[in-house]
Amino acid sequence: MNHIQEAFLNTLKVERNFSEHTLKSYQDDLIQFNQFLEQEHLQLKTFEYRDARNYLSYLYSNHLKRTSVSRKISTLRTFYEYWMTLDENIINPFVQLVHPKKEKYLPQFFYEEEMEALFKTVEEDTSKSLRDRVILELLYATGIRVSELVNIKKQDIDFYANGVTVLGKGSKERFVPFGAYCRQSIENYLEHFKPIQSCNHDFLIVNMKGEAITERGVRYVLNDIVKRTAGVSEIHPHKLRHTFATHLLNQGADLRTVQSLLGHVNLSTTGKYTHVSNQQLRKVYLNAHPRAKKENET
């Protein structure tokens, strides 16, 4: 990559607080774009709209999903927007390109019984389980992103208000409450997990060496929990975020409150979590529809 692209990635990291996982995706998109430029003997600075259309066709020819193509085009559009702020002679060749429609999907989430099984797995009386339980409790109790989790400092925890202050996207702070189970797990962890007691930094979640845990480390921990849990086959940090939102909405929380807790700027982003299970749909229907209520009472 050239120095402009490297500066762009650094800006996303420092000023927009992008996670390492998201930055890796942006970097991969730029590398693939550079390979196309080299293959077609094109220059970054003279890349035109017709070239952008050809690149779109090139991506589809590689049998990529529409969501992947959409993200890659969005990356390049954002990159050229950044470059335009540095050089007034630059034109964004992707600005008029028709954005491929994203495929609609329902976010995956865990049922309450599955969450109970996961928590039962980390009930073991071991030092590692103390740490693993805190990770699971915080992700499920607060719905925070994994990038927010790994950056929590000890002083961000408020035991008086029972909540945590996290730094979200765009370096925006928000306070997210947690319950008694989460509070207890944090207290036990701080009191009995030896690596956290001997470290020389303020990060809350650490690995077994006492070093601040990485996003990759969190994913490893979650995968390890799943391997030891019967009846649960797949897990990732965002699935716990989906679960947090889904369970709140299923229990009657309003969309605006969930939006605030998740740190979403747009309500439409939170709206994708309004899917509910068939069982919940029937429960609401029976309790709300006049004739259904009468039928339910007989």
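Glycine too: its Cβ is placed from the backbone N, Cα and C atoms.
Taken from Swiss-Prot, the feature domain 'Core-binding (CB)' applies to 1-84, supported by sequence analysis.
What Swiss-Prot lists as domain 'Tyr recombinase' is 105-286, and the listing cites sequence analysis.
Feature annotation from Swiss-Prot assigns active site to Arg145 (among others). Taking Cβ-Cβ distances under 8 Å and a sequence gap of 6 or more within the same chain, the neighbours of Arg145 (active site) are Ser19, Gly168, Pro237, His238, Arg241, Gly263.
Using a 10 Å Cβ-Cβ cutoff, Lys169 (active site) registers 16 neighbours. Look at Swiss-Prot and you will find Lys169 (among others) tagged as active site, backed by sequence analysis.
For His238 (active site), the number of other Cβ atoms no farther than 10 Å from its own Cβ, over all displayed protein chains, is 14. If you look up Swiss-Prot, you'll see His238 (among others) marked as active site, on the strength of sequence analysis.
Following the DSSP three-state reduction, the secondary structure of Arg241 (active site) is helix. Feature annotation from Swiss-Prot assigns active site to Arg241 (among others).
The active site feature in Swiss-Prot is assigned to His264 (among others); the stated evidence is sequence analysis. Of all Cβ atoms in the shown protein chains, 18 besides its own fall within 10 Å of the Cβ of His264 (active site).
Residues or ranges marked as active site, O-(3'-phospho-DNA)-tyrosine intermediate in Swiss-Prot: Tyr273.
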Problem set entry | Reported mean pLDDT - the domain 'Tyr recombinase' (105-286) | 86
Exercise. If one measures from the C-alpha of Lys169 (active site) to the C-alpha of His264 (active site), what distance in angstrom results, rounded to a whole number?
Worked result: 9
